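Single-structure report; data block below.
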Amino acid sequence: MTMSFSLSGIIKGIIAGFIGTLVLTGLMMMKKYVGIMPSLDPVQMITNMVAEKTGTQTNMMVGWILHFVIGSVAWGVAFSVINNLLPSSSQVMKGITFGVGAWLLMMIGPMPMSGAGLFGLSMGIMAPVLTMVLHIAFGATMGLAYSKLISTYNSKY
(Lines of atoms letter the chains of each structure in order from A and count residues from 1; the text may use other names and numbers.)
(Lines give C-alpha, C1' and ligand atoms only; values in the text may rest on other atoms or scores of the structure.)
Protein backbone atom coordinates (compact mmCIF):
# COMPACT_ATOMS: atom_id res chain seq x y z
CA MET A 1 0.00 0.00 0.00
CA THR A 2 1.39 3.33 -1.06
CA MET A 3 0.25 6.85 -1.61
CA SER A 4 -0.83 7.71 -5.15
CA PHE A 5 -0.01 11.02 -6.76
CA SER A 6 -1.65 10.37 -10.14
CA LEU A 7 -3.10 13.52 -11.68
CA SER A 8 -6.21 11.62 -12.75
CA GLY A 9 -6.82 10.43 -9.18
CA ILE A 10 -6.18 13.89 -7.76
CA ILE A 11 -8.69 15.49 -10.16
CA LYS A 12 -11.26 12.84 -9.21
CA GLY A 13 -10.51 13.56 -5.56
CA ILE A 14 -11.10 17.28 -6.07
CA ILE A 15 -14.41 16.60 -7.83
CA ALA A 16 -15.46 14.13 -5.12
CA GLY A 17 -14.39 16.60 -2.41
CA PHE A 18 -16.49 19.30 -4.07
CA ILE A 19 -19.54 17.02 -4.14
CA GLY A 20 -18.97 16.08 -0.49
CA THR A 21 -18.62 19.76 0.40
CA LEU A 22 -21.90 20.54 -1.38
CA VAL A 23 -23.70 17.92 0.72
CA LEU A 24 -22.01 19.10 3.93
CA THR A 25 -22.94 22.69 3.11
CA GLY A 26 -26.55 21.77 2.39
CA LEU A 27 -26.78 19.98 5.73
CA MET A 28 -25.17 22.96 7.49
CA MET A 29 -27.74 25.30 5.92
CA MET A 30 -30.64 23.02 6.85
CA LYS A 31 -29.31 22.76 10.41
CA LYS A 32 -29.19 26.54 10.68
CA TYR A 33 -32.60 26.99 9.01
CA VAL A 34 -34.38 24.67 11.46
CA GLY A 35 -32.62 26.30 14.42
CA ILE A 36 -30.20 23.53 15.41
CA MET A 37 -27.13 25.25 16.85
CA PRO A 38 -27.30 28.32 14.59
CA SER A 39 -24.22 29.70 16.38
CA LEU A 40 -22.19 26.80 14.96
CA ASP A 41 -21.39 28.36 11.59
CA PRO A 42 -18.01 27.19 10.23
CA VAL A 43 -18.12 29.61 7.28
CA GLN A 44 -18.63 32.54 9.65
CA MET A 45 -15.83 31.19 11.85
CA ILE A 46 -13.47 31.03 8.85
CA THR A 47 -14.52 34.53 7.80
CA ASN A 48 -13.89 35.93 11.27
CA MET A 49 -10.52 34.16 11.60
CA VAL A 50 -9.30 35.51 8.25
CA ALA A 51 -10.42 39.05 9.09
CA GLU A 52 -8.78 38.86 12.50
CA LYS A 53 -5.49 37.41 11.20
CA THR A 54 -5.25 39.82 8.25
CA GLY A 55 -6.61 42.91 9.98
CA THR A 56 -9.31 43.35 7.33
CA GLN A 57 -13.08 43.64 7.48
CA THR A 58 -15.12 40.46 7.49
CA ASN A 59 -16.18 39.29 4.05
CA MET A 60 -18.39 36.20 3.91
CA MET A 61 -17.30 35.52 0.33
CA VAL A 62 -13.78 34.84 1.64
CA GLY A 63 -15.20 32.36 4.15
CA TRP A 64 -17.29 30.58 1.52
CA ILE A 65 -14.39 30.35 -0.93
CA LEU A 66 -12.06 28.97 1.74
CA HIS A 67 -14.75 26.52 2.91
CA PHE A 68 -15.02 25.08 -0.61
CA VAL A 69 -11.26 25.17 -1.25
CA ILE A 70 -10.61 23.27 1.98
CA GLY A 71 -13.33 20.69 1.27
CA SER A 72 -12.64 20.28 -2.44
CA VAL A 73 -8.94 20.85 -2.89
CA ALA A 74 -7.29 20.15 0.47
CA TRP A 75 -9.48 17.24 1.56
CA GLY A 76 -10.19 15.97 -1.98
CA VAL A 77 -6.50 15.81 -2.89
CA ALA A 78 -5.59 14.26 0.47
CA PHE A 79 -8.32 11.63 0.08
CA SER A 80 -7.10 10.60 -3.37
CA VAL A 81 -3.43 10.55 -2.33
CA ILE A 82 -3.90 8.42 0.81
CA ASN A 83 -6.82 6.38 -0.54
CA ASN A 84 -4.78 3.16 -0.76
CA LEU A 85 -3.73 3.58 2.88
CA LEU A 86 -7.27 3.90 4.24
CA PRO A 87 -8.86 0.75 5.67
CA SER A 88 -11.67 -1.06 3.82
CA SER A 89 -12.25 -1.99 0.21
CA SER A 90 -15.35 0.23 0.16
CA GLN A 91 -14.76 3.81 -0.97
CA VAL A 92 -17.74 4.91 1.15
CA MET A 93 -16.13 3.41 4.27
CA LYS A 94 -12.78 4.94 3.31
CA GLY A 95 -14.59 8.27 2.97
CA ILE A 96 -16.21 7.92 6.38
CA THR A 97 -12.84 7.09 7.95
CA PHE A 98 -11.32 10.09 6.19
CA GLY A 99 -14.23 12.32 7.23
CA VAL A 100 -13.71 11.39 10.89
CA GLY A 101 -10.01 12.20 10.50
CA ALA A 102 -10.82 15.57 8.92
CA TRP A 103 -13.27 16.22 11.77
CA LEU A 104 -10.61 15.41 14.36
CA LEU A 105 -8.14 17.80 12.73
CA MET A 106 -10.82 20.51 12.64
CA MET A 107 -11.58 19.97 16.32
CA ILE A 108 -7.96 20.39 17.45
CA GLY A 109 -6.91 23.10 14.96
CA PRO A 110 -9.36 25.59 13.47
CA MET A 111 -12.03 25.15 16.16
CA PRO A 112 -9.78 26.35 19.02
CA MET A 113 -8.25 29.01 16.74
CA SER A 114 -11.74 30.40 16.11
CA GLY A 115 -12.31 30.82 19.84
CA ALA A 116 -14.72 27.90 20.17
CA GLY A 117 -12.26 25.88 22.25
CA LEU A 118 -10.88 22.39 21.82
CA PHE A 119 -13.53 20.29 20.05
CA GLY A 120 -15.75 23.41 20.06
CA LEU A 121 -16.78 22.56 23.61
CA SER A 122 -17.24 26.22 24.55
CA MET A 123 -20.37 25.95 22.37
CA GLY A 124 -21.63 22.88 24.24
CA ILE A 125 -21.41 19.13 23.77
CA MET A 126 -23.59 19.26 20.65
CA ALA A 127 -20.85 21.08 18.69
CA PRO A 128 -18.47 18.12 18.42
CA VAL A 129 -21.34 15.64 17.96
CA LEU A 130 -23.01 17.65 15.21
CA THR A 131 -19.77 18.44 13.40
CA MET A 132 -18.81 14.75 13.50
CA VAL A 133 -22.14 13.78 11.92
CA LEU A 134 -21.60 16.44 9.24
CA HIS A 135 -18.09 15.16 8.52
CA ILE A 136 -19.29 11.56 8.33
CA ALA A 137 -21.85 12.68 5.73
CA PHE A 138 -19.09 14.61 3.92
CA GLY A 139 -16.79 11.59 3.91
CA ALA A 140 -19.46 9.10 2.85
CA THR A 141 -20.55 11.36 0.00
CA MET A 142 -16.96 12.02 -1.09
CA GLY A 143 -16.21 8.29 -1.00
CA LEU A 144 -19.32 7.43 -3.01
CA ALA A 145 -18.57 10.13 -5.59
CA TYR A 146 -14.94 8.99 -5.81
CA SER A 147 -16.01 5.37 -6.34
CA LYS A 148 -18.33 6.41 -9.17
CA LEU A 149 -15.64 8.59 -10.75
CA ILE A 150 -12.98 5.87 -10.68
CA SER A 151 -15.36 3.12 -11.86
CA THR A 152 -16.67 5.29 -14.72
CA TYR A 153 -13.14 6.11 -15.82
CA ASN A 154 -11.92 2.51 -15.50
CA SER A 155 -14.89 1.11 -17.45
CA LYS A 156 -14.36 3.54 -20.35
CA TYR A 157 -10.59 3.17 -20.66
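Each position is counted from 1, following the chain as shown.
Placed from the backbone N, Cα and C atoms, the Cβ positions cover glycine too.
Look at TrEMBL and you will find 9-30, 64-86, 98-119, 125-146 tagged as transmembrane segment.
Away from its own ends, the transmembrane segment (9-30) comes close to residues 41-43, 67-68, 71-81, 83, 95, 99, 134-135, 137-139, 141-143, 145-146, 149-150, 153 of its chain (Cβ-Cβ under 8 Å, at least six residues beyond either end). If you look at the transmembrane segment (64-86), the same-chain residues 6 or more away from its ends with a CB under 8 A from one of its CBs are 1-6, 9-10, 12-18, 20-21, 24-25, 42-43, 46, 50, 94-95, 97-98, 102, 138, 142-143, 146.
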